[in-house]
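Undergrad: Submitted below is the structure of interest, expressed as structure tokens.
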Amino acid sequence: QETIKIGVTQPLTGAFAASGNYVAQGARIAEDEINAAGGVLGKKIQLVIEDSKSNPTEAVATVEKLIVRDKVPAIMGAWSSTLTLAVMPKLQEYKVPMVVETSSSGKITTSGNPYIFRISPTSEMEAVAFKPLVPKLAIKKADFLNTNNDFGIGSAAEYSKMLKAQGVAIGVMETMDPKATDFSAQLTRIKASGGDTLFVTTAVEQLTLILKQAKELQLNTRIVSTGGSNSPDQLITQAGEAANGSFHTVFFPPWFPEVVTNPEPAKRYMDEWKKRGHEPGGLTEGFRGYDGIHVIVEAIKIAGKAEPAAIKDALWKTKIKGIYGNIEFVKQGPAGSESGQNAPSIYLVKIDGGKVVKSGL
Amino acid sequence: MSRAVTLAWVAFLFTLPLWMTDLYILHVLIVAGIFIIAAMSLNLLLGYTGQLSLGHVAFFGIGAYVSSLVSLGFEIHVFDVPISLAPKPVWFSMILAVIFAGLCGYMIGKISFKVRGAYFVIVSVSFAEVTRLVALNWIELTQGPMALNNIPFLKLWLPGIGDIDVLGKVPNYYLVLVVAVVTYVIIRRLVNSRAGRAMIALRENEPLATSVGIDVTRFLVLATVVSASLAGLAGAVYAHYVRIVDPDVFLFIYTVTMVIMVVTGGKGTLAGPIVGGLIFGLLPEVVRSFEVKPEIQWVVYGVLMILVVYFLPEGIVPALRDAWRRVRARSGAPPADPAAVAAGATPAEARP
Amino acid sequence: MSIRFGGLTAVEDMTFEVREGEVLSLIGPNGAGKTSAFNAITGYITPSSGTITYRGTPLAGLKSDRIAGHGVVRTFQKTSVFNGLPVLDNVLIGLHRRARQHPLAIMLGLPGVRRDEARLRDLAWEILDLVALRPRANEVAAALSYGELRLLEVAIALAAEPTLLLLDEPVSGMNPAETGAFMSLIARIRASGITILLVEHDMKMVMGVSDRVVCLNQGKIIADGPPAAIQQDPQVIRAYLGERYVRARG
Amino acid sequence: MLVVEGLVCRYGKVEAVRDLSMRVARGELVTLIGANGAGKTTSLKAISGLLTPAAGKITFDGEDITRASARRVLELGIAHCPEGRRVFPFMTVRENLEMGCFLRRDAAAIADDMDRLFARFPILAERRDQTAGTLSGGEQQMLAISRALMSRPKLVLFDEPSLGLAPNLVERTFEIIEGIRRDGVTVVMVEQNAFAALELSDRSYVLEQGRVTLTGTGRELLENPHVRAAYLGA
Amino acid sequence: MDQLLQHALNALILGGTYALLGIGLTLIFGIMRVVNFTHGELYAFGAYMMYMWVMLIGANFVVSIALAMALGVLLGAGIEILLLRRLRGADIDTTMLVMIGAWIAMQNTEQLVWTGVAKSIDSPFPPAPLVMGGVSVSWTRLFVFVVAVALIAATWLLIQKTRLGKAMRATFQDRESAALMGVRIDRVHTATFAIGSGLAAAAGALLGPVFVVYPTIGDLASLKAFAIVILGGLGSIPGATIGGFILAFMEELGAGYVSSGYRDAMGFLLIIVILLVKPTGLFARKERIG
Ligand SMILES: Nc1ncnc2c1ncn2[C@@H]1O[C@H](COP(=O)(O)OP(=O)(O)OP(=O)(O)O)[C@@H](O)[C@H]1O
Ligand SMILES: Nc1ncnc2c1ncn2[C@@H]1O[C@H](COP(=O)(O)OP(=O)(O)OP(=O)(O)O)[C@@H](O)[C@H]1O
Ligand SMILES: [Mg+2]
Ligand SMILES: [Mg+2]
């Protein structure tokens, strides 16, 4: 029986391996769920998942392979902003649409690539959502520590812009290589700067280390992680006591599923995740893949055929009740070649006493 | 005879895109070809001068970055003084890339005059690491880990054909093939000359080489400059083919790949890097078709490498050549080397 | 000239002259500083003080390859050839100085380069004839017997067009018969107008081929004169030759 | 004491020693002479356990050492002073000598032996803390001989001990070897300096292409016309 | 001022493990002349063993370090016997290639066994750091430093003072002569490689709990170890020790006062500069020619 192939490019190895694998696991759940319900257009779907090795050039190679060799009509990817930005020209070259499930950099949807449909929030959306919390947390002086890639730089830029507008002083803005493991030099400088809040933007592995090392250096500022790839559960198990008192933005709070817009798919997804024995810490990432595949399949259904151009047009009409909220795309970027952007919900949680709690703000 | 074989091969490769329509296979061949060019250039250092350079990828990466940056244009601030460059045509940026890589080679050549052996290994690794870290951290210029994206493709004007966009598989395939042939010819001429012999002499016995008047620095520098320029050219071709470069082009594993190609093929032989490059350029694709986990593919790759070294320590090409000699000797044909006949070589048993 | 290694003085205020066209032997006990003197003359070490002049050009401080460029070429005490290469290629490398090929011309494949290569090959065969290694031309050097290796060493040095050839213990390890053959080679080299500076412990060889002998001890020259006189010199006998040698000579 | 029968040694396909037999009695000084490449070094290596012979049998004091390790051979009392000096270049003279008695544990006796050797070779005493690689050729040779003696062997194999030595030292070396023999140590020596070697030796073997072609007392061989022509240059 | 002191303290602590890493490599690289690309993998192996014992089996922390090191010694011995023994006498490039092959195979095996997801190891020391005036250091790091220094001293004594050490040095200067002195060559080779590997594994076991463990941690460790060895001069244990500390100081101060992005570049730049000024490294020995 013929199948409809859907391409997925994710970092399954390398610096972002953990998150990339979670997204892929979420996508598999969606695949099985859809096929169990009879597939789409009478055919089963088949995910072709390629590993971008956390590297932009490899990411381009995976997209090239997915399109040229596997002839997929639509792709989901590519986790980090840098990887997504890297593959975007290929989408334009081969005219294949891609649903972006994680990346946050503003550039992705404003650079005039009409093949991009993003379901995750931008850094700017996040920063705006954070704005009311600034007076509540009484932030006076903020420091930044972020990876030196699109994700980290974009987030730091948006947050610092927002904070400055709120009259908050900006201390030091430190960066780190996505593969670094020792941050003592940066943290020593941050300590010397004397801010009350440290905004950290990176993947969960580095975040764990930063929390631990901050503790070792007696850095007593409040730590807020942004970007939503912070997996608080994993932080609790791996950073232990050092995680207490830190704040984290997330886009899906599995600890209190009752607050999300569409509890139904959230519950289905969480049950299946647990059933498959996946890492509970991955729940906050896996849902992105789950939603992404559902969006593409819905678009195929609307298009009535599995062809890139039709799917691209159909994505504009796609509306689903996802875990990200009610997903639909609005136009962003230069007129005539807009990209699609969804407006998902954003949550701030706190780790307290080894548990994730609502931030209470 | 060997010349005829070479020409036949080249002719075969030139006609390949006419019947090979699977673009993906062309893609694999292009990438393998680019690596073969880099490996051939490495062979000049590794195989002929005996300088174990483990930083060769630096020249490749520098070529890629320089060509990309010049063709994309940039604006940077050095101590708050803005420096900017408008985008230049790709043929021009590629020439600059070759020159710049050659200059870096000149620098490294001067250093390698001072340190040898294991020390040079580390200096070359360090050089590559430093270039990688600069590419990673000089974000204003290189975009750091965000990669240089949307690199323009090469536009050429050829007499009789007119303008060509080197975009897509077939034109890039021919570009790589032409560059590879040119590289091969340059290296062959070099090694069969006084310059090549001087390099070999340095490899074999340096004090003796200097005692007969060979200027070590000069020939090491010559070898590194030529080698670096060719690697830079390969890098530039690569950049305008994949149209994205990120600091990972400087990763050590790529140098390793080149070294493996050279050594398994047979270092210090002209055909070695080509044979090795074809094997280790295509092997990952072959292993990939077995639908196993990528880790297992790599484990197999590593084990194969060890086996090649065990069973063909000199490399594949010398091993084949010896086997060929043996076959000819058994079939009673005259010795393969005409010079030996001319010299009236006596069989070993008959010597006084 | 003086040479010091740290606190140790290997060669102290040594002065001697090699005359055009002669064979001068440098003898002396082990560790007297003969090889060190060679190393200094050919630029492998820099003398701590003093001057070395060859046909009016100061050599001290020059790099080895430049010194070779002035026609001063040496062999090494430990057998030293290009082991992995055929004998012919060994000599071709030696011919480096006589080649006329610009790197650019090589890469462009100009016809001049090809002509030059042919000329070099002819020269190489000539030199192999001189040392009688023609039959072994296509063997790798590593396959040669010890005596042949020492001949090849000389061939490589000769290829570099020396006007002054320095030989460091060329016949050590050879038996008397092989030494005899080597002596006649020296005669041939000398006949072609090359000056020779020889270090050797084989007295039969030294006495047989030298015009003049200089004897060193602990870095200083203790005697200088024709072979016959040196053999009689009591200082030389005490420091170097030993009683048995004198007894053997009668 | 040492008996070699039908020894065959190969390097790959090259037969370096083919069917070599010889015997050495206790207290004897036996020399091997032969052209370059005749297989002398190879034979010594086979005896001392550096090479495993392809065929043949070697016994020492009745014990079969054909396939014994170098360590075992040394333990039985055979020391080998190798061709080409082979001192440890980055160790000092003293450390080299200490390596010579690696298997011995009698510190006091070792110190005595070392003093005695230093008295014999004053230049080594002078250079005792210099690294061996920087010694002159002759100095290295003296060091190598001394090192071989440090194990208090019953039998020493010398491979061209006079190579590269000044005439007076050649003389001294031969005196030392005679002295060693007088102390009751058996000596097997390979030499190019055939005159001196034959004069010194009790018996001698002439090797040609891996075989013994002639044997006799030193005197006999000195007068043999073939030996005179081929090895004495007379 | 506090900031400078804190940087210096960080560097000192880091330098201890760098030195350990360097010594392990200098034994193998400097003495055996094997460019040991598996060094980083042995480091990773040590770290994963630590993870296994502490986190999966629940063994005592200190015992786990000893176990990880012992397993590193065994693995090293295995590699030597299996891969290097038959390459005795081969040139440096040949052994290097085999080691590269082994490196690729080992790293991917690790990836297969442990997956790419980073693991972290709990340490039994209190999370609150030791505070001295304005500077602080975590107990775990302090412990790591002390153990590292002890291992360095032990290795130095082993090489200089024991018969095994002397045999090792002799073997790698002239294998045949060493055999003639009664040294068991094969054992010395295996022992050297095993000890070097054990030290790498120890470094991994010590640093695993400080950082996180993932399959490619060995790569940077390898590069740094090479850098340290070259800084100090091949085969020199004091050189490697001092090289380790120099590298740590350069990195920490470079990151603190120049730019954290160029942290790793500092060390490599330093190497290039040092080798240009003193091509043989800081502590080197010479051979004579002629
Ligand atoms: N690099 C060095 N470092 C320290 N001492 C050295 C060095 N090179 C040579 N020497 C010392 O200098 C002295 C002279 O050595 P040289 O090799 O010149 O002697 P030689 O006359 O050639 O002896 P031989 O006849 O034994 O070869 C020796 O005592 C030697 O130990
Ligand atoms: N490692 C080796 N590999 C291959 N062939 C070898 C090796 N060592 C020696 N041979 C060959 O074995 C033969 C005997 O060599 P051997 O060294 O025993 O001779 P020798 O009598 O000691 O000569 P010399 O007087 O030159 O020292 C020679 O033909 C030599 O080329
Ligand atoms: Mg000398
Ligand atoms: Mg011999």
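A Cβ is built for glycine as well, from the same backbone N, Cα and C atoms used for every other residue.
The feature transmembrane segment is assigned by TrEMBL to B:25-45, B:57-78, B:90-109, B:173-191, B:219-241, B:270-287, B:299-320. Taken from TrEMBL, the feature region 'Disordered' applies to B:331-352. Summarising the annotation, TrEMBL assigns compositional bias 'Low complexity' to B:338-352.
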Undergrad: Determine whether the transmembrane segment (B:173-191) and the transmembrane segment (B:57-78) share at least three Cβ pairs under 8 Å, counting only pairs 6 or more apart in sequence.
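TA: Counting Cβ pairs under 8 Å, fewer than 3, so no.
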Undergrad: Does the transmembrane segment (B:57-78) come near the transmembrane segment (B:219-241), with 3+ Cβ pairs under 8 Å (pairs 6 or more apart)?
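TA: Yes; at least 3 Cβ pairs under 8 Å.
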Undergrad: If you count Cβ pairs under 8 Å, which stretch among B:25-45, B:219-241, B:270-287, B:299-320 touches the transmembrane segment (B:90-109) the most?
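TA: Against the transmembrane segment (B:90-109), the leading stretch is B:219-241.
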Undergrad: Which residues of the same chain, at least 6 past either end of the transmembrane segment (B:299-320), have a Cβ under 8 Å from a Cβ in it?
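TA: Same-chain contacts beyond the flanks: 260, 263-267, 269, 271-272, 275-276, 279, 283-284, 287.
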Undergrad: By a Cβ-Cβ criterion of under 8 Å, what residues six or more beyond either terminus of the transmembrane segment (B:25-45) are in contact with it?
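TA: Tertiary neighbours of the transmembrane segment (B:25-45) are 16-17, 51, 53, 56-57, 59-60, 169-170, 172-173, 176-177, 179-180, 183-184, 187, 190-191, 199, 223-224, 226-231, 233-235, 237-238, 241, 257-259, 261-262, 265, 267-268, 272-274, 276-278, 281-282, 285.
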Undergrad: State the non-local partners of the transmembrane segment (B:270-287) in its own chain: residues 6+ outside its ends, Cβ under 8 Å from one of its Cβ atoms.
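TA: Distal contacts: 28, 31-33, 35-36, 39-40, 42-43, 47, 184, 187-188, 191, 257, 260-264, 297, 300-301, 304, 315-318.
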